[in-house]
Amino acid sequence: MAKNLTINSVVTSGQMRMPIVGLGTWQATEKEIYETLTTAIASGYRHIDTAYMYENEKYIGQTLNKLFSEGKLKREDIFIVTKLPLIANRAEYVETFLKRSLESLQLDYVDLYLVHHPVGFKNHGPDNIFPKDENDKLDVDFETEHLTLWKAMEDQVDAGRAKSIGVSNFNISQMRRILENCRIPIANTQVELNIYLQQPDLVSFCKENDITVCAYAPLGSPGYIKGLEKYGYSSEGAVEVSPLSEPIIVDIARKYNKLPAQVLLRYLIEYGVAVIPKSTNPERIKQNIDIFDFELTEDEFSKIRALDRGEKGRVFSSMGIFSVIRDHPEYPFPKDS
């Protein structure tokens, strides 16, 4: 259990220092980005997470540029993460797509660049992030090769376009393979992680190998169904989890005069991982970082630890967008999840 945490606490790997609470921006729209980011910065956030596939880097860049030019924020005081899209999971595309992200973000470098997913899609052009084949199915690239891809990621560090590099949605064996063959090690892995999917083996592996862990969907991703529908995928059979209404969490929140979301996030940072809750609601944004004025007892921590459902708690697995990638040799999750 990590204690004595503050709003300035970071998780570290080598020279990388990632603020332990960041702002997730998946599904944040052009109209929402400015108020969302300015509220977050004013509330103390210094870690912004985005991705090429979120299609909002341009609006984040416009807001950051305005904050920089007005003297409200310095580049060196903000930690920016973006990700290589699935359509660029080949070595020859890495530089091109990072440059596109940097142009949109109006930045010279990102603090962390992640391979968004171990599975790749075929590249039908930079604006077609979910390419379809002749059968109207996602056009999956079955020749994704991680070691050559990682070498291209390392080149981005050499070129100064990324301070650190990492992965997202990779499993232990995939990360181990990179670590055994890399020149620049994995600094961070971003994975689905919340009280129902705590991934203790992966977290332990990362700790042993100096890889920081960042939890996406730390509140269970209430917006997941909306995301499926946005891209035209059925939500039938999708796993839905509701950690915000978990009785143990509700009871602990009442004890500390906190919201269930704040208890969920507090548990995860005490668990030793960074969190990137997504919200565009100004009050929720403020509340999600207001988690440094209480600590869980050992008994409370143990009770929450026992809520882990393993793979049954995974939401982002084989449904919707991911349903057609299960046969890919680099599909990262158990096939029955």
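One-based numbering along the chain as shown.
Positions of Cβ are set from backbone N, Cα and C atoms, glycine also.
TrEMBL has this to say about the protein:
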ACT_SITE  Tyr54  active site, proton donor
BINDING   His116  substrate binding site
DOMAIN    22-308  domain 'NADP-dependent oxidoreductase'
SITE      Lys83  site 'Lowers pKa of active site Tyr'
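The DSSP secondary structure for Tyr54 (active site, proton donor) is helix. The number of other CB atoms found within 10 A of the CB of His116 (substrate binding site), across every protein chain shown, is 23.
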